[in-house]
C-alpha cells in the first residue's frame, strides 16, 4: 500500500526488560522502521534465516505492550463493510497461509492467531489501539521465538485479506533464570592448576589478628601476579577470572530480579494496607462493627505510618539500590563476554603478526618498527584487560557494589528507626483502647451469665416455655356508647348482644391476647392484635382437616387493625413478603368444631371464609374476641371511611421494619342482598367452595376455573417440551428450573430469571409472557411449538465461537443481562453476511423455512413498504397463520381496507379485522 493510503501511522513497543520504549514508523512499502528509543541506545537486531530480514530484538519479562496509532480513515471501514484485524504467527508459513486463501469471517475470527480490532467512535484525527503480547502459557522461562505480525483489512463481501503494514520481531524472555545453580561445578570454582594450594602456601602465614579481620573482597582463590607478562600462569589466571566473571554475571542478574520482586511486593503491600483501611472504614459505617473509635484513635494513623514506611522503603530500593546496581552491571559486568572476545581477537592478531615477523628472511624496511609498535599495543591491551579483570574481582567495581548496598541498608535502618518512633507516639491511644475493651468484655460477661441463667430456668421449667405461652389477659373498654349498637348478625359470636345493649356505657369486656385500645372516638383502629397463625390453603377446602397434609397449612403473620385482617406471607423474608387483606366489616369469627386439628377457628365475611389455627386454646379465644370486637366497630361506623393502611396503619410491632406499608385492599365488587349475607354466614354454607370464592361482574374467576386453567397450562407446557426437547431448558442460560416463561415475538422459552431480563430490554425487543399465568392465543401456542429454542439459537447464536461466553444458571443477573443485550439487541452473534432482510424474509415465508424467517426479522425488514407483500405470502395458506402472528408481533401492521381486499380473501379479512392492529400513517 502507498504511504498516503496507509491507515497505520506508527507503533510503540513498551514493557521491555530495560524499561525503555521503542517507536516504529510505517513506511510507504508497508513495513516498519525504527525511529527512536527512550533509552537512547540502538535497537538490537537479529538476522532471520527464513525471511532474510533483520528483526528487532525485544527482551521482555512477562509481556509486551504494542500501541498502534491509526488515522481517522479506519472509521470508514465499517461503512464499507470491512473489518480491521491483527494477525500474529510464530512461523512465516502460517503467516502466509492467511493471505493464500479465502476465509469466512467466522473461521477467520475463531483463529487464535487473529485478533479483531475494535476502535472507539471518535472524531480525533489519530486513534490509538492497545494490544498486549504474551508468550504461550507454560513457556515464559527461557522463551525465544520469531514473531510475524501485520495489520490487515478483511472484506466481508469477497472474503479477502489486504495487508496494511507488516512488522516482524524477535522476542527473548528475561523473566526466568538462564542458568541453573549447578551450571558451574566445584572444579570450576577453585583455583586453576597454575595457582594451586602449593602456590598459596608460599604466602606468609597469617597472624591470629589477621585471621579475625573481615574483608569485603574475597581473593582466596585468585593470586594477582605482579608481572602481567603473557604466559601460562597469566592465561590460567585470566581463565579462572573469566569463569568467575560468568558466575558473577549470573548472580548479578538474579540479584536484580529479586530486587524487582521485592519492589513489587512492597507495592502490593502498600495497596493492601490502604485497601484494608478503607474496608474497615466501610464495614464500620455499613454494619454493626463499631470500629470508629479504633479507626480514629489508632488504626488510621498507624496504617498511614505503615503505608508511608513501605513507600519510602520501595523508593529507596529502586533509586538507591536497583538503579545504581543496574548501571554498574550494564557498564562493567554485562560486557564481560565482549571484552573477552575482544582480547582473544587482539591476542590472535598479535601472535599472527609475530609468526609473520619471524618467518621473514631479512629485515625489511620498517618491518621491525611496525612489529615493535604492534607488540607495544598488545602489551597495553593485555594490561588494560588485566586491570579490568582485577577491578572486577578485587578493585573499584566490587567496592562500588558494596558501597551501594551499604548506603541502602543505612537508609533502611533510618526508616525503621523513624517508623518505630512514630509508632511509639500512637502507643498510648492503643493502650487506652485496650482498657475500654476490657470494660466491654466485663459487661459482655455479665450478659452471658444472665443468658445462661435464663436458659437454665427454661430447661428446668416444666410445661410450655414462656415464649410460646399466650400473653396474660388485658382488659379493653370500648370507647363508644354501646347502647347505640344493634347487632345485625344473630347466631354468631359478636362482641355485642341484646343483653350488652342494656348495660351502661362503662361496660368492659376482656379480650385475651395482645390487644390495644386507645381513648378517643369510636374507630376501628382502636383494636390492634398481631401474632403467628396457621392459615388453611384455599385449594384444599371442602375436606376433612384431619386428612389434609401439612403442606396445606401455611404460617402467616396476622395483624388485626383498622377494621381489616392483614395476612403477611413470607414474613421472614422482607424482600419476598406478600400482603393480603380481609375487610372485617360484617364479619364474624367462631370455633370450628368436629375437626381433627386443635385450636381452629373460622372468619366469615360476605366475600369469603377463612380458616385459621392458633397455638393454644387461650390464643384462639383471644383472636376470636379481637376479630369480633374489630368487626363490631367496623360494622357500625358505615358513615366513616376507613383511613387507608398505606397512610396510617401501624406496622406489625414484632416484624418491624420488614414489611412495606403499601398494601392492596380487598375489593367488594358488588352489593350483597340480605339473603346473600345470610347464605354466606349460615353453618350449612361453611367451607363450600362455590360460596367461598364467588365470581362477580369484575371478572373474578371461580376456584374451579382457576384450577382448570392451571391444569390446561401445565398440559401445554408438557406438550411444548415433548415437541422439542430444547424447550425444557432456558434458551439463554440453560436453566431447568421454573422454565415457564416465553417471549412470543422471538419466540423462545425462558426461565423466570431470564424472563425478567427480557422484560428489562423493553417490549420492542422481547414481549414476555407467562405460560402459567398469562392467556396465550392459539396461534402463539402453535408458534412456540413449531419453532422452539433450538431453531432460534441456531440463528441468534450462530456466531458464538466460544460456548463459555454463554451464561450458566448460577451466573448473576449482570452477566445474563449483558449476554441478552448482545444476543437480542446488538445481534452480535448473528451472521448477517450477504443478508437482504426483505428478500430473506419473503423467501422464508414462501418456502416455510423458519431459519430464514428469523434471520430476516432480525435484519429488520421494511414492513412499511413491503408489508402487503409479506401479508400476501402468508395469507395464501391458512396453515401459516402462526407465521402471520409472528409478523404481527415483530411490527407488521395491517394496510387499509382497500389494499387488504385486493390481496386477502373475505374470510381472511374477517379474521384479520379481529386483530385490531393500527393502520399505516402515510405522510
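Backbone N, Cα and C define each Cβ position, glycine as well.
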Among 378-410, 411-443, 444-476, Swiss-Prot marks as region 'Disordered' the stretch 444-476
Zinc finger per Swiss-Prot, picked from 730-754, 755-779, 780-804, is residues 730-754
Sequence-distant residues near the compositional bias 'Basic and acidic residues' (444-455) by C-beta distance (under 8 Å, 6 or more away from its ends) are none
Whole-number mean pLDDT, the domain 'Arf-GAP' (714-837), equals 91
Lying 6 or more residues past either end of the zinc finger (730-754) yet within Cβ distance under 8 Å of it, the residues of that chain are 717, 720, 766-772, 776, 780, 783-784, 787-789, 792-793, 796, 806-809, 811, 813, 816, 819-820, 823-824, 886, 889-890
